[in-house]
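In what follows, a single structure is set out as structure tokens and then discussed.
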Amino acid sequence: MSLLTEVETPTRNGWECKCSGSSDPLVIAASIIGILHLILWILDRLFFKFIYRLLKYGLKRGPSTEGVPESMREEYRQEQQNAVDVDDGHFVNIELE
């Protein structure tokens, strides 16, 4: 039984499901599409930053260095590393008693 295709209706004897055990191809297709939609939605919410970054920039990791002399490549790498390095002098150590 799928929660996506069940329809409960009141009868004299209580509640019962009309579509229980249905082998209608339309019901089966709707169930499969619903389950796939749910899976894709969950994956999108979990990995949306990665997915959209991949769509926007592709698999590029940074600007191309093709045709650039090695000395300039090294200078660029050093600038990037300096931008990432953190100066420990900006932090204040607080000790709780």
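Using the three backbone atoms N, Cα and C, a Cβ is placed for every residue, glycine included.
Record features (Swiss-Prot):
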MOD_RES   SER64  phosphoserine
REGION    60-80  region 'Disordered'
SITE      TRP41  site 'Seems to be involved in pH gating'
TOPO_DOM  1-22  topological domain 'Virion surface'
TOPO_DOM  44-97  topological domain 'Intravirion'
TRANSMEM  23-43  transmembrane segment
Average model confidence [pLDDT] within the topological domain 'Intravirion' (44-97): 72
Local backbone state of TRP41 (site 'Seems to be involved in pH gating'), from DSSP in three classes: helix
